[in-house]
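To start, the structure under review is shown below, and the notes come after it.
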Amino acid sequence: MTRFLLVLMLAFAPLSPAFAVQPDEVLADPALEARARAISRDLRCPVCQGESIDDSNAPISRDLRLVVRERIMAGDTDAEVIDFVVSRYGEFVLFNPRAEGANLILWLAGPGVLLLGGLGAFLYIRRRGQAVAPAEALTADEQARLRELMNK
Amino acid sequence: MIVEFGHFALVLALAVAVVQMLVPMWGAYRRNAALMAVAEPAAMIQFVLIAASFAALTYAFVTSDFSLVLVVQNSHTLKPMLYKISGVWGNHEGSLLLWALILALFGACAAWFGGNLPPTLKARVIAVQGSIGVAFLTFMLFTSNPFLRLAVPPLDGQDLNPLLQDPGLAFHPPFLYLGYVGLSMAFSFAVAALIEGRVDAAWGRWVRPWTLAAWIFLTIGIALGSWWAYYELGWGGFWFWDPVENASFMPWLLAAALLHSAIVVEKRESLKAWTILLAIMAFGFSLIGTFIVRSGVITSVHSFANDPERGVFILMILAVFMGGALTLFAFRAGTMEAKGLFAMVSRESALVANNLLLSVAAFVVFIGTIWPLLAELFFDRKLSVGEPFFNAAFSPFAVALAVILPIGAMMPWKRGELVRGMRPLIPAMLLAFSVGALVWAMQTGRTALGPVGVALGIWVVLGAGIDLWSRTGRGPVAGRIARLGRLPRADWGKVTAHAGMGITVFAVCAMLAWKTEDIRIVQEGASYPLGPYEVTLQSVEEVQGPNYRSTQATMVVRRDGALVATLTPEKRFYPVQAMPTTEAAIDYGFLRDIYLVIGDPQDGGGYAVRSYIEPFANWLWGGCLIMAFGGFLSLSDRRYRVAAGASRRTAAVPAE
């Protein structure tokens, strides 16, 4: 049934020339509204192509925005609001994937590769640097010869 | 008739590309001058043929020849002429033809300007370029032929997607493709050098202008696309971390890394293997970008509607070229011995750090882009990766790059001292810190993004200025100023591009941190405050455009009673595609843009209106243009014309 509804909404989405957050949705309290906006920017519109519900014109996004505001008014914390939406639409709607389970690969890939790459670069540079040292340092004989010349 | 001619030219171009791929390569192997000489005319003929084919398709669009499927699907008789022409590349098949045209153009340029290359290298570069042409022309002719006819032509077409009917987007793809495809030259040079088995300073100098050109075009293309998103999509955002945006951003990051590592090859004959690998990967990411945009595997706002057959074909092209090049690399990488020696603190090390940050940043963008695909394939999880992830995972790299940039840029080659190297930069550091702190103190309760952006911007721009000044040597100020004008263009280019980067970083932070938004219902004739301004919704009218209907509002912006601007935001409806678009009205200013959007009429009367003050918006595009201009200055340095010619006479001379 939900799937059917989604298809229906998808079919009519292009016909509804709405635009994102409507004036009638905005909460009276600016602090609560700011929280709602921040949360909606992290939630993906389930039927659009990669838009957040904050940016999306689809009717379902409007419904989700209203749900978010309802939960906030009911006294939920940000995390509770997001859990509420995820429990109904799945983690697909989360733009900020949770750092747990397989997603740890995603979150740790950048720092991990940076560490490995940094180590590789460090070893490479040290090798290039070690090759410099003997070429520039003087041997004991050369030191002696230098002193000799200087003292003349 | 003209269409058939275009179709035939395309088939002929494929035949020529096959010759261009095989004969010079064999000639270079046999050291046969006659066979190698085939490369030049083949590259030029291939270009002329594809150009003829492109002209034929353009002709079909301009004359609205509805016997062509492609024209029916993407054009309409009422469409303005500019968009009839841009409609040629506003679709999968046509944009592929543009891609092939630019590919052939670069091949022909290698033939024209490659006079100073050793004959075997030149033959191999053009042959590799030809092989890429073969792959894409085959792809086009077998899965995405733009010249397919209809038995019964309809009376009129289905029009181009209205979002694409825009001057910004008309020129965005050609620039982007010039960049994407330009990286194929770096790839061809890398593969040719691997086959040749020799990478020296001269190679670094030859490959750099091509990479620079590709990077300049990519910079302009990305800036144009971002500007388009800013004014067309109607909520004032400029970057969405959308898969297609990422597809253009990854090659840009790698091209930037390649530019810097090619300097090390040219000046110090080090980092050779890494530079070759970067050249291969940069083009690889261009191909991955093509795959993302055209396969439909990863959904995106911008992608062309697509079928998997094409995706599989592009994946095969990707596998053949990347697999082939990387295998070759694995066999030959060991033979590329580094010559230059350098210490831990040196320009070389700074450039290694630059490369590390840029390429890991590209990797982060890559994994974020394909993670939804991987998660579904391997973990059976349907999930999304969007702006919050990229902001958190990418920003540290951008900040780190901006922090080390001025220090690295002034570091001497071979061996430097950190403390002594930073001494001239102390004024920049102090100013950046104090202005950042001042901004922090002035704006209580907001994010740290603004102050950090200000500090980084000042640090990088001022650092670039100090870098330039330090190049004038010692002595009286008058003499140093006189010497400024005589500095090589490459120095000016470097400093300009770095300053552009600083401005861009600042503008990104400023726009994210200090944007003002206002959403409300406004009655006709009513006024409302927006920051220091007062906006009046004077009137709303219905207007008829050439191929759309429009609801146009007239809005007056005043400040302290004085008129600032009269703006006319529109909401358009394109009946052929049954699609509404918002046309924001923007008052562009030096320090801020005023950005107004008109929405639906409300039940209780009045209209929904969205208004923004976008601080320093023009600095963002300006910064990108300055970056690109810096690249252009560097490209025009006489070193690439004179010194490259000199190296022909004495085989391979070490640089400097």
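Quick reminder: no glycine exception, Cβ is built from N, Cα and C everywhere.
Residues of the same chain lying 6 or more positions beyond the ends of the transmembrane segment (B:41-62) and with a Cβ under 8 Å from any Cβ of it are 2-3, 5-7, 9-10, 12-13, 16-17, 19-20, 23-24, 68, 70-71, 74-75, 81, 84-85, 87-88, 94, 97-98, 100-101, 104-105, 107-108, 110-112, 126, 129-130, 133, 146-147. TrEMBL lists B:41-62 (among others) with the feature transmembrane segment.
Annotation comment: TrEMBL describes B:89-295 as domain 'Cytochrome c assembly protein'.
Among the features that TrEMBL reports, transmembrane segment is placed at B:96-113 (among others).
Positions annotated as transmembrane segment by TrEMBL: B:125-143 (among others).
Within its own chain, the transmembrane segment (B:207-229) is flanked in space by residues 106, 166, 168-169, 171-183, 185-186, 189-190, 237-240, 245, 248-249, 251-252, 255-256, 258-259, 262-263, 266, 279, 282, 620-621, 624-625, 627-628, 631-632, 634-635, 640, which lie at least six positions past its ends and keep a Cβ under 8 Å from the stretch. The annotation transmembrane segment is assigned in TrEMBL to B:207-229 (among others).
Residues annotated as transmembrane segment in TrEMBL: B:273-292 (among others). Nonlocal intrachain contacts for the transmembrane segment (B:273-292), taken as residues 6+ away from its ends with a CB within less than 8 angstroms of a stretch CB, comprise 99, 180-181, 183-184, 186-187, 189-191, 193-194, 199, 204, 207, 211, 243-244, 246-248, 250-251, 254-255, 257-258, 261-262, 264-265, 298, 300, 303, 311, 314-315, 317-318, 321-322, 325-326, 329, 333, 336, 355, 359, 362, 366, 369.
The transmembrane segment annotation in TrEMBL covers B:312-331 (among others).
According to TrEMBL, the feature domain 'Cytochrome c-type biogenesis protein CcmF C-terminal' maps to B:315-638.
What TrEMBL records for B:352-374 (among others) is transmembrane segment.
Listed by sequence, the residues of this chain that lie at least six past the ends of the transmembrane segment (B:394-413) yet keep a Cβ under 8 A from its Cβ atoms are 267-268, 342, 345-351, 353-354, 357-358, 360-361, 364-365, 421-422, 424-425, 428, 452, 456, 459-460, 462-464, 466-467, 470, 494, 498, 501-502, 505. The annotation transmembrane segment is assigned in TrEMBL to B:394-413 (among others).
According to TrEMBL, the feature transmembrane segment maps to B:425-442 (among others).
Tertiary neighbourhood of the transmembrane segment (B:448-470): same-chain residues 399, 402-403, 405-407, 409-410, 424-425, 427-429, 431-433, 435-437, 439-440, 480, 484, 487, 491-492, 494-496, 498-499, 501-503, 505-510, 512-514, selected by CB-CB distance under 8 Å and a gap of 6+ residues from either end. Summarising the annotation, TrEMBL assigns transmembrane segment to B:448-470 (among others).
Per TrEMBL, the feature transmembrane segment maps to B:491-514 (among others).
The transmembrane segment annotation in TrEMBL covers B:616-635 (among others). With a threshold of 8 Å between CB atoms, the same-chain residues lying at least 6 positions outside the transmembrane segment (B:616-635) that come near it are 209, 212-213, 215-216, 219-220, 222-223, 226-227, 230, 238, 489-490, 492-508, 510-511, 588-593.
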Distal contacts, the transmembrane segment (B:491-514) - CB-CB under 8 A, six or more residues away: 238-239, 398, 402, 405-406, 409, 443, 446-447, 449-450, 452-454, 456-461, 463-465, 467-468, 471, 614-617, 619-620, 622-637
For the transmembrane segment (B:312-331): best-contacting stretch of B:96-113, B:125-143, B:352-374, B:425-442, by Cβ pairs under 8 Å: B:125-143
Intrachain neighbours beyond the transmembrane segment (B:96-113), with Cβ under 8 angstroms and 6 or more residues off its ends: 10, 13, 20, 39-40, 43-44, 46-47, 49-51, 53-54, 57, 88-89, 122, 125-126, 129-130, 132-133, 136-137, 139-140, 144, 146, 173-174, 177-178, 180-182, 184-185, 188, 210, 290
Beyond the flanks of the transmembrane segment (B:352-374) by at least 6 residues, Cβ under 8 Å: 241, 243, 246-247, 249-250, 253-254, 256-257, 260-261, 264, 271, 274, 278, 281, 285, 288, 292, 297-298, 382-385, 389-390, 393-394, 397-398, 400-401, 404-405, 408
Folded-back contacts onto the transmembrane segment (B:425-442), same chain, C-beta under 8 angstroms, at least six residues removed: 406-407, 410, 448, 450-452, 454-456, 458-459, 462-463, 466
